[in-house]
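Chemist: Let me give you the structure first, and then I'll get to my questions.
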Amino acid sequence: MTATLQRRESASLWERFCSWITSTENRLYIGWFGVLMIPTLLTATSVFIIAFVAAPPVDIDGIREPVAGSLLYGNNIISGAVIPSSAAIGIHFYPIWEAASLDEWLYNGGPYQLVVLHFLTGVACYIGREWELSYRLGMRPWISVAFTAPVAAAAAVFLVYPIGQGSFSDGMPLGISGTFNFMLVFQAEHNILMHPFHQLGVAGVFGGSLFSAMHGSLVTSSLIRETSENESANYAYKFGQEEETYNIVAAHGYFGRLIFQYASFNNSRSLHFFLGLWPVVGIWLTALSVSTMAFNLNGFNFNQSVVDSQGRVINTWADIINRANLGMEVMHERNAHNFPLDLASGESLPVALTAPAVNG
């Protein structure tokens, strides 16, 4: 009888735990996806902060020339980064227990893999948590669908691209200047500016910004006045009110006359679906462009494609881009020190001022 009561008590405790995890009454919804999301994101955040502040230099190119990325090794907020794992590791899974020592793990950039893999797991669980909360509240699932766009973009630069290129050292560094360096090298090696999916992604991001500004300004300009001139129009809105707070007919009429009639939505639901769809599809396409270029399916190359009747090349914008790509690729060459010695991190070495005599 005692054993039966203990089983019931433990089952009851488990049921209470399940109801707490899935309760929509909590201040922050946890959910079953949150059970995995919380520890993975906390781990990624903690290791990122520690590595950004104090990680020793990493041999990113596998040529015994470590690159310092942390604040304690001379960087600032702009130049600092968590340096990607060494090219000597490639795309091998490199947890702490695979290294001979902690020093070796740090030297080969182990923290980068730890941060990236935990981060991607965490944000994937965040998608699931959004869907889970929407499901329990009886909402439609489009919030989680929209969030797949930035997650796909992150997965493209942190996971798919390194896999395609054969090494985590080709992944995007976790820092500001490291991100810019990644973008310049990506352009030099893959001509991303001439990739149609990336061009559509640019249209998605900038178009989404334009549509957001247009929508916000139209709504703000057509608010239904319910306050005096001496009060803010915002005071007229009450959270949860049923009546419209702006005149969609006026906004539709204004925009239809400003451009043309059919450029303006007369359905608020289809309008907001479009506002969500446009940037999401654009970022999906950008992630797809990076994922295809990861396997060297690069942007279009129209270099020296325009010639006159004598066969002489007529330079176009494509040739200018090609020249810039070559310059960026040369500057990125491993073990080629293009910068002055006072910008280098190591000690300056003496240089011979006279050429040696060559007999013969």
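Cβ coordinates are placed from backbone N, Cα and C, and glycine is handled just like the others.
The transmembrane segment annotation in Swiss-Prot covers 29-46, 118-133, 142-156, 197-218, 274-288 and rests on sequence analysis. Per Swiss-Prot, the feature site 'Stabilizes free radical intermediate' maps to His190; the stated evidence is sequence analysis. Annotation comment: Swiss-Prot describes His198 as chlorophyll a PD1 binding site. Feature annotation from Swiss-Prot assigns Fe cation binding site to His215, His272; the stated evidence is sequence analysis. Annotated quinone binding site per Swiss-Prot: His215, Ser264, Phe265, in sequence order, evidence recorded as sequence analysis.
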Chemist: If you measure every Cα to Cα distance among His215, Ser264, Phe265, the residues said to bind quinone, what is the biggest one in Å?
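Modeler: Among the residues the record ties to quinone, max Cα distance equals 11 Å.
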Chemist: In the structure shown, which of the binding-site residues His215, Ser264, His272 has the fewest Cβ neighbours within 10 Å?
Modeler: His272
Chemist: Including all protein chains shown, what's the count of other C-beta atoms within 10 A of the C-beta of His198 (chlorophyll a PD1 binding site)?
Modeler: 24
Chemist: List, in sequence order, the same-chain residues at least six positions removed whose CB sits under 8 Å from that of Phe265 (quinone binding site)?
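Modeler: His252, Leu271, Phe274 - these are the non-local Cβ neighbours of Phe265 (quinone binding site), listed in sequence order.
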Chemist: Could you give the residue numbers and ranges of same-chain residues that sit at least 6 residues beyond the transmembrane segment (142-156) on either side and whose C-beta is under 8 angstroms from one of its C-beta atoms?
Modeler: 119-120, 123-124, 126-128, 130-131, 134, 276, 279-281, 283-284, 286-288, 290-291, 294
Chemist: If you skip the near sequence neighbours and keep only those at least six away, which residues in the chain come within under 8 angstroms of His190 (site 'Stabilizes free radical intermediate'), Cβ to Cβ?
Modeler: Met293, Asn296, Asn298, Gly299
Chemist: Please indicate, using numbers and ranges, the residues of the same chain that are 6 or more beyond the transmembrane segment (29-46) and have a C-beta under 8 Å from a C-beta there.
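Modeler: That would be 20-23, 114-116, 118-119, 121-123, 125-129, 132-133.
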Chemist: Can you tell me which parts of the same chain pack against the transmembrane segment (118-133), counting only residues 6+ beyond its ends and a CB-CB cutoff under 8 A?
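Modeler: For the transmembrane segment (118-133), the far contacts come to 22, 24, 29, 31-34, 36-37, 40-41, 43-44, 47, 141, 143-144, 147-148, 150-151, 154-155, 158-159.
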Chemist: Roughly how many Å lie between the Cα atoms of His215 (Fe cation binding site) and Ser264 (quinone binding site), rounded to a whole value?
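Modeler: The Cα atom of His215 (Fe cation binding site) is 11 Å away from the Cα atom of Ser264 (quinone binding site).
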Chemist: Would you mind reading off the Cα separation of His198 (chlorophyll a PD1 binding site) from His272 (Fe cation binding site), to the nearest angstrom?
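Modeler: It is 24 Å, counting Cα to Cα.
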Chemist: Setting His215, Ser264, Phe265 aside, what same-chain residues sit with their Cβ within 8 Å of the center of the Cβ atoms that define the quinone site, listed in sequence order?
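Modeler: Residues close to the quinone site, other than His215, Ser264, Phe265: Met214, Leu218, Ala251, His252, Phe255, Leu271.
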Chemist: Could you say whether, by DSSP, His272 (Fe cation binding site) belongs to a helix, a strand or a coil region?
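Modeler: Looking at the DSSP assignment, His272 (Fe cation binding site) belongs to a helix.
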Chemist: Please report the distance from the Cα of His272 (Fe cation binding site) to the Cα of Ser264 (quinone binding site), rounded to the nearest angstrom.
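Modeler: Per the Cα atoms, His272 (Fe cation binding site) and Ser264 (quinone binding site) stand 12 Å apart.
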